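Report on the structure given below.
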Amino acid sequence: MNSKVFVVLLLLALSTCVLSEKYCPTPRNTSCKKMNIRNNCCRDSDCTSNAFCCAEPCGNFCHKASDKPGGRRVDPNASCKTGYVYW
């Protein structure tokens, strides 16, 4: 009986961890003119209020976490500078 209770509690704990995963929201814009690309952040630590630094077509921007996957967090190891990006 104890092993059944343990398994149920373990599954409950694991599902809570999986459901609490946070993501970058889906970007609003799907395209961007090159002259409008700017990075407001290069890593999560550049953002305030526990926001994520998310990659979007017009650059990197801080966003509140979303429960649904759809966006992409910026790779903190990638070469990045804040400000306008000139190609």
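Placement of Cβ uses the backbone N, Cα and C atoms for every residue, glycine included.
As written in Swiss-Prot, here are the features:
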SIGNAL    1-20  signal peptide
DOMAIN    21-66  domain 'WAP'
DISULFID  Cys24-Cys54  disulfide bond
DISULFID  Cys32-Cys58  disulfide bond
DISULFID  Cys41-Cys53  disulfide bond
DISULFID  Cys42-Cys80  disulfide bond
DISULFID  Cys47-Cys62  disulfide bond
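Shown are the disulfide-bonded residues Cys32, Cys41, Cys42, Cys62; of these, the residue with the fewest other Cβ atoms within 10 Å is Cys32. If you take every residue in the domain 'WAP' (21-66) and average the pLDDT, you get 91.
Secondary structure at Cys42 (disulfide bond), taken from DSSP and collapsed to helix, strand or coil, is coil. Rounded to the nearest whole angstrom, the C-alpha distance between Cys58 (disulfide bond) and Cys41 (disulfide bond) is 12. Long-range Cβ neighbours of Cys53 (disulfide bond) (same chain, at least 6 residues apart, Cβ-Cβ under 8 Å): Cys41, Cys42, Arg43, Asp44, Asp46, Cys47, Asn60, Phe61, Cys62, Arg73, Val74, Pro76. Counting every protein chain shown, the Cβ of Cys54 (disulfide bond) has 27 other Cβ atoms within 10 Å.
The Cα of Cys32 (disulfide bond) lies closest to that of Cys54, out of the disulfide-bonded residues Cys24, Cys54, Cys80. Most Cβ neighbours within 10 Å, among the disulfide-bonded residues Cys24, Cys47, Cys58, Cys80: Cys24 holds that distinction in the structure as shown. Separation of the C-alpha atoms of Cys54 (disulfide bond) and Cys80 (disulfide bond): 13 Å, rounded to the nearest whole number. Cys24 (disulfide bond) falls within neither a helix nor a strand when secondary structure is assigned with DSSP, and so counts as coil.
According to its DSSP assignment, Cys80 (disulfide bond) is coil.
Note: the Cα of Cys24 (disulfide bond) and the Cα of Cys80 (disulfide bond) are spaced 18 Å from each other.
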